[in-house]
């Protein structure tokens, strides 16, 4: 079995529970903001200037807390995605290793069987080229269980000749969005730029020289440069 995969359901359940709690905190804080806003509108005319400022600060603080909860929820969702993707890649690597070992054993048995050896020699180069699959998963039509076990050679042809290292080095899904200055998919810990017009939005910690989430607002290197140019 793949190390750690037996704990995956528990880890997923824990992460989803944390996301649900963060979502509930956000909703509670939004209700608090609505209450503060209604209170402010109702009594703003009778308030002293310093009281108005104090009340507005409370509303602003509640909004900041709301954003913090939302950012934490997004970060948790990204970490959960990365965790599942890591296990999928590990399973694919183990599957490819198993298929490669099985193919080696079947090819070894072909050399001991004169009848199957002649069948192997009769295979065309086109058939060999056609067997070089690079997808992470085989389709149902290509799975070994759909083929008949006949002398070992036909079954061996159905197994993809994928080396385990090829699976780990395979390109990601072309439909998956890319982020950051490195133009790679999301992985690990990431931080969002607080500029609403930022064309990239999300950045990997390592790419922007961060190890922990900074306090307050954070702007990416590009947006910082743009601000300096405008000045």
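Cβ coordinates are placed from backbone N, Cα and C, and glycine is handled just like the others.
What TrEMBL records for 106-151 is region 'Disordered'.
What TrEMBL records for 177-226 is domain 'PHD-type'. Per-residue confidence over the domain 'PHD-type' (177-226) averages 88 (mean pLDDT, predicted model).
Summarising the annotation, TrEMBL assigns site 'Histone H3K4me3 binding' to 179 (among others). All chains included, 19 other C-beta atoms sit within 10 angstroms of the C-beta of residue 179 (site 'Histone H3K4me3 binding').
Around residue 204 (Zn(2+) 1 binding site), the C-beta neighbours below 8 angstroms that are at least 6 residues distant in the chain are 179, 180, 182, 184, 187, 188, 189, 190. Residues or ranges marked as Zn(2+) 1 binding site by TrEMBL: 180, 182, 204, 207.
Per TrEMBL, the feature site 'Histone H3K4me3 binding' maps to 190 (among others).
Sequence annotations record features per position, and here TrEMBL assigns Zn(2+) 2 binding site to 193, 198, 220, 223.
Listed in sequence order, 217, 218, 219 are the same-chain residues at least 6 apart in sequence whose CB falls under 8 Å from the CB of residue 194 (site 'Histone H3K4me3 binding'). Annotated site 'Histone H3K4me3 binding' per TrEMBL: 194 (among others), in sequence order.
Annotation source TrEMBL lists site 'Histone H3K4me3 binding' at 202 (among others). Within 10 Å of the Cβ of residue 202 (site 'Histone H3K4me3 binding') there are 17 other Cβ atoms, across all protein chains.
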(message) List the residues in the vicinity of the Zn(2+) 2 site, defined as same-chain residues other than 193, 198, 220, 223 with C-beta within 8 angstroms of the site's C-beta centre.
(response) 194, 195, 200, 201, 203, 219, 221, 222, 224
(message) Out of 180, 182, 198, 220, 223, which of these binding-site residues shows the lowest number of other CB atoms within 10 Å of its CB?
(response) 182
(request) Tell me, if you would, which residue among 190, 193, 207 (recorded positions) has the fewest other CB atoms within 10 Å in the structure shown? (result) 207
(message) Name them in sequence order: residues not among 180, 182, 204, 207 whose Cβ is within 8 Å of the mean position of the Cβ atoms defining the Zn(2+) 1 site.
(response) 179, 181, 184, 203, 206, 208
(message) Which one is it, among the binding-site residues 193, 198, 220, 223, that lies nearest to residue 207 (Zn(2+) 1 binding site) by Cα separation?
(response) 220
